[in-house]
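Structure first, commentary second.
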Amino acid sequence: MAIAVEKPEKADKVQPAAAAPAARKVSRRMASAAILVAWLVLFVVLRGRQTLTLAAADLTGLHHWLNDVNDTIGANRNSNPLFLYFFNEIRLAIDNLVTFVQSLISQPTGSRPVPQIGWLGVVGLTGYVSWAVGNWRVALLAVAGFTFFGLQGLWQESMDTLALTLSAVFVALLIGIPLGVWAGLSDRFNRIMTPFLDFMQTMPAFVYLAPLTLIFLIGGASAVITTVIYAAPPAIRITAHAIRSVPETTVEAADSLGTTRSQQLLKVLLPMSKRTVVMGVNQTIMAALAMVTIAALIDAPGLGKTVVQALQSLDVGTAFNAGLAIVVMAIVLDRVTTAAAGRAEAARRRSGRLLKWRRPLLVAGGVAVAVLVYLSHTFVWAAEFPGNGTTGSHIASVADTTTLWLQDHLSGLTNALRDAITNGLLNPFQTLLTDSPWWLVGAVLVALGAVLGGWRAGVTAAVCVGLLVGTGLWSDGMTTLASTAVATVLVMLLGAVFGVWMGRSLFVDRLVRPTLDAAQVMPPFVYLVPFLALFGATRFTAIVAAVVYAAPVAIKIIADGVRNVPESTVEAATSAGCNTWQIITKVQLPMARGALTLATNQGLIYVLSMVVVGGLVGAGALGYDVVAGFSQGELYGKGLAAGLAIVLLGVMFDRITQAAARRTRA
Amino acid sequence: MTPAQTEVSQRRDTSQDPQDRTPVISVRRLWKVFGPKADQVPDSEELCGLTRRELMDRTGCTAAVRDVNFDVSPGEVFVVMGLSGSGKSTLVRCLTRLIEPTAGEVVFEGEDIRGADPKRLRELRRSKFSMVFQHFGLLPHRRVVDNVAFGLEIRGMGRTQRTKRALEVVELVGLAGYENSYPDQLSGGMQQRVGLARALAGDPDVLFFDEPFSALDPLIRRDMQSEVIRLHHEVGKTMVFITHDLSEALKLGDRILIMRDGKMVQCGTGDELVGAPADDYVRDFVKDVPRGDVLTLRWIMRPAQPDDALDGPELGPDVVVREATRAVLAAEKPVKVVEDGKLLGIVGDEEILAVVAGQEGGV
């Protein structure tokens, strides 16, 4: 009967709906403006009071307590049963896996001065596998890429990165694919998993590191564990999505033929989702590579470590060389797995003759690779990469020279740009945020959340503000917030311009999209290097890197939103005599409102994660707190609290923008 | 069901299809209700009486199939017809329990399949009935022959044996030469032939068709309809055919069940629907049907008057008007309609012309 009562209400609501949105939209915009004006007025009056600033070396009670927790855990690591029988076991298992893979390709073991498989074997194996799962073109790319690592003088670092990535991907898929299949089959399990996956993917990669070191210490094993946590969600999500998107008719048809559940899974669902699952593997590998490089902060070996050390000493040349190696590895891994995903389709189109030759060729290739592996296992010339990485030092010196030249000749331009944005946009905004009383900013955040996203988002914002104050890092949080907000505004400007352009022109779309795709697979780290060269170690560098990192995703979302505006609507507007500008501003952008909000959401999250990485190059604030926490024992608790503060900011933004997106769509 | 039309359908049944064998499928008081506490609806006298809309408002439930009863005889092509939302697709899925019915009986060869456990149900699906779907439901990663053999494969039949059988069926549906293609390399009509072959491969007793040709172009649709008629002649399967297209229903169906809002409106042969529509809904439906193509002499004959000349030519009562037109108009005297030597009535020029010329005029 409850339903019977509810029904007429719904019917009533439908009627005035036509009039309501217009009225509500105006009032929402006015309310936001009123909040901002009130903030400015109160800021002038109350400036500099109750700002909760905390000096870099100062600690709060919470930070001391976290330090103590860390010490306690360190002391009882081998006596606490939870650690003894659970965490330590996990660590041990992962450690064995990592050590094993490292001993194969990167680290010397036992009496051998070189790893089991030398460069020749690895290059051969990589080429062979790339050819077998993909095609000969990506195989050539892979061979060239891996040889390049050796020429750069970064063979061992590259292999360490590869070893960690492969171990992490292996574990992530081992966990992720079964869970994904389960989530694909069971609605209930899917409902349970979704919030966890959402949460894990919202978090900047960075923040996993601190709490995990608490449990798993630092080093390769915890790098892999962190990476697994970061890289498994895409595998789970995409597998579940693949299973779910098998057409209902096909499942029903199989059902009508009397398949059992396992037949259904093995013969229908899994084969039909294979291609998508391989795309999930691609995502997992890219996420893993990104995370493995960042895990250099917790002492993971590999290219990331080289970059971090170089960044900390502002050695642009070395950072560039290692960053280039990361980019090359990202491209190779991405191309190979993308080709593997396309293979299933391509293979069956091919003529039978080629297929007939494929098997003997595979066998022959396998034998050849076995010989290469044997050679590289036995002879030093095939085990250690010849030469001493002169290409690498050459690249480094060219990068250094270029940097110097740029700094000499372009400093006027880059400095002007930097100062314009820093003084014109960033500083005032940061002052507004950090110099207002904390309760004022908090109230503004809660009010904006409530106005834009509804009362639930308001409550979330209130809780986050409260906890943020509790971390003792309010002022640093506001500094980070200012950088994030400025970067997001820039991202949205770029996103709107390029997104509309791409959405309106298929040609531009085809031209720009591959670049965006490529930009998205890069580990966030490498963005810092060129901008460090141009702008030096400042907040602005971090902001530019964040904008470049976050813009592709925003552009793509907006482009798709504009593209999805029905052709007939645009046609109708054109026939009514709209000019191009009117069509964009009055038809396409308003109708892509949902996409705009979604782009803001994604842009914010991406920017936030990058602004934090910017802590490495002088962005200060929360990012610096986290980095310092890893390197200095007495700041450990503060770093952990900073990580928490980042999570809180992330959750707050995510909730508000998502709620706003839901409301604009409704 | 109104009494009038039951009577008609029975008479027709005995006249045309004199087998008194037990029906293959017998559906009694079948209900399918979606929504909260759906199973209470069929039991409640009061709720049963409501229209679909009222039921939705009262309980939040949608009754997709409401109190449907019919029998399908062996070898018959039984068509269920209705517009979208009439519940016909739900009905056919209830028959094989792809959708679980809410109440009622579905008796298949003497066994109520609602009582079958999952294992028995699988057995039935593997060997007794199979289905052809509107959107084909083929497996894109398998070749045509493997798609056709799929049903045999899941029964556990060996590879050589099932491939042999599949090739036979592929041949039967006219796809010889395409065994090794993949579904997405075929046109829609050919894909549906694969779906048909897959359904035939297991040699089922009954074939269910869920709007199999709605997604096809008109020309190909006509081809496929002829194909089904041909297959029906060749293999003689019982068929239950769902469609929203009246001409398709008339072309294929021995008997037609018309559904509206989940209820059955009328059940009978094509000429019964056209000649004696149960209500305005059916009348409206069949309005544009060329009546001469569907009606038989039985529907237009008049009782012989004393002054009629009774020495004209003779025709059977089940001759379609269109086919009789030339004979009747050519004859100088009215045609006698005779069945088993008994004079049923006579047909003159006026009766024929009333049908052939006045087609638009309705009844």
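Cβ from N, Cα, C; glycine included.
Feature list (source: TrEMBL):
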type	residues	note
DOMAIN	A:158-337	domain 'ABC transmembrane type-1'
DOMAIN	A:477-657	domain 'ABC transmembrane type-1'
TRANSMEM	A:30-46	transmembrane segment
TRANSMEM	A:136-155	transmembrane segment
TRANSMEM	A:162-185	transmembrane segment
TRANSMEM	A:205-232	transmembrane segment
TRANSMEM	A:277-298	transmembrane segment
TRANSMEM	A:318-341	transmembrane segment
TRANSMEM	A:361-383	transmembrane segment
TRANSMEM	A:438-469	transmembrane segment
TRANSMEM	A:481-504	transmembrane segment
TRANSMEM	A:524-551	transmembrane segment
TRANSMEM	A:603-623	transmembrane segment
TRANSMEM	A:635-653	transmembrane segment
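Contacts between the transmembrane segment (A:524-551) and the transmembrane segment (A:361-383): absent, as fewer than 3 C-beta pairs lie under 8 angstroms at sequence separation of six or more. Under 8 Å from some Cβ of the transmembrane segment (A:635-653) lie the Cβ atoms of residues 57, 59-60, 62-70, 199, 202-204, 206-207, 209-211, 214, 445, 449, 460-461, 464-465, 467-468, 471-473, 476-477, 480-481, 484, 601, 604-605, 608, 612, 622-623, 625-629, all in the same chain and six or more residues away from its ends. Ranked by number of Cβ pairs under 8 Å to the transmembrane segment (A:603-623), the listed stretches A:30-46, A:277-298, A:438-469, A:481-504 are led by A:481-504. The transmembrane segment (A:318-341) makes contact with the transmembrane segment (A:277-298): 3 or more of their CB pairs lie within 8 A, with pairs spaced 6 or more apart in sequence. Non-local neighbours of the transmembrane segment (A:162-185) in the same chain are 94, 97-98, 101-102, 104-106, 193, 220, 223-224, 227-228, 231-244, 265, 269-270, 273, 277, 280-281, 284-285, 288-289, 291-292, 295, 300-302, 329, 333; each lies 6+ residues outside the stretch with a CB under 8 Å from one of its CB atoms. Panel annotation: around the transmembrane segment (A:361-383), residues 114-125, 128, 131-132 of the same chain, lying at least six beyond its termini, place a Cβ under 8 Å from a Cβ of the stretch.
Below 8 angstroms of C-beta separation, residues 432, 435-437, 440-441, 444, 447-448, 451-452 of the same chain, each at least six residues beyond the ends of the transmembrane segment (A:30-46), sit close to that stretch.
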